[in-house]
Amino acid sequence: MILTGAASTFPIVARVLNAMNRRMYAATTLSSAKSISAESLNLRSDSNSEAAHGASESETRVSLRKKRIKQDDLEPVKKCSARETKARKDMCGLPDIEDSPYKKTNGTASSRTRKLNSYIKSTEASPSASSIKTAGLGIPPENWEKVLEGIRKMKPSEEAPVNAVECDRTGSFLPPKERRFYVLIGTLLSSQTKEHITGAAVERLHQNGLLTPEAIDKADESTIKELIYPVGFYTRKATNVKKVAKICLMEYDGDIPRTLEELLSLPGVGPKIAHLVLHVAWNDVQGICVDTHVHRICNRLGWVSKPGTKQKTSSPEETRVALQQWLPKGEWVAINFLLVGFGQTICTPLRPHCGTCSITEICPSAFKETPSTSSKLKKSIKSKKL
């Protein structure tokens, strides 16, 4: 029952996993449910999925976000063009999964090793990142405990969308091994996708018996792509899901990796997803799960900054590293749930509701974010027309 408490702490995963509870409980026994899943797996195996890869390329082009650069490009070469040199300079560590589309990867052991080595080197090169696993070494900001207590008293999570679904029994009826794979796939699909869309996609996979590594490995990639549509970057995610299933079968006997380094080596898995899966699936807390809400609020509160400067952190991963330097480890799990709810209801991305917030007196960003001049002008023009 590892997931019972853990999943309720991470509402995104809990919401995704809970979407399938009603249908999963309808089965009379677990063995009969497995037999039904096995019968529905009569899908034709297809080793050539290049067409799906082609489709993913065109989809990625329409994104206005910065693409991930292949880790292969990070390897030093003797000679390179001016364009290649510029691309190398623009590359800065591992992008967060929330902020960029999936990068194409061949999923081989060598490519995954290069990906992990690159992450480790970037971690060792940064003075702030070198103390990732050590809590409480940094100087905590003033009044941080008072701020957290004020947010808790506002109880933002009770009104937040992430808490709309009951989470206390999420996934607890599955055998541990199946539950862990279930968590991994659901989390992979959830990035850059609303919870209800992810939940529906996972449910469709379950209806077709495609929530085990064996089933996904045998299924056509096109079938997976159709079932998970319209999650964000569904074509690329279908490719990654197939690769992850193969790796779990070949290297982990159908289970999922249980260390941070091994999870980071999987296609489509960045620091945020790795820490989230590690905690929910294995009940192992090695880092803070930082999404866009936590990233935004920590910068507004002045809790994090770039190493040696007062500049805001530029990515959730930078925020995670900076936050872990001073936040006590006992708060690492709770901080995500608390700030996500706060960010969805009060400290919103655009025009935060400072008027209803109880910590404005100690918040350095209170009432400083106002509508832009252009938006005010549009409102003025609209009112004149009326």
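Every residue gets a Cβ built from N, Cα and C, even glycine.
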Exercise for review: Looking at the candidate ranges 44-66, 90-112, report the one that Swiss-Prot labels region 'Disordered'.
Suggested key: 44-66
Check your understanding: Counting other Cβ atoms within 10 Å of each Cβ, which of the binding-site residues CYS347, CYS363 scores lowest?
Key -> CYS363
Study note, to complete from the structure: Whole-number Å distance separating the Cα atoms of CYS363 ([4Fe-4S] cluster binding site) and ASP291 (site 'Important for catalytic activity') is 20
Exercise for review: Do me a favour and check the Cα-Cα span between CYS357 ([4Fe-4S] cluster binding site) and ASP291 (site 'Important for catalytic activity'); whole Å is fine.
Suggested key: 21
Check your understanding: From the Cα of ASP291 (site 'Important for catalytic activity') across to the Cα of CYS354 ([4Fe-4S] cluster binding site), what is the distance in angstrom?
Key -> 21
Review point. Taking the centroid of the Cβ atoms of CYS347, CYS354, CYS357, CYS363 as the [4Fe-4S] cluster site, which other residues of that chain lie with their Cβ within 8 Å of it, listed in sequence order?
Key: ARG300, ILE346, PRO352, HIS353, ILE359, THR360, SER365, ALA366
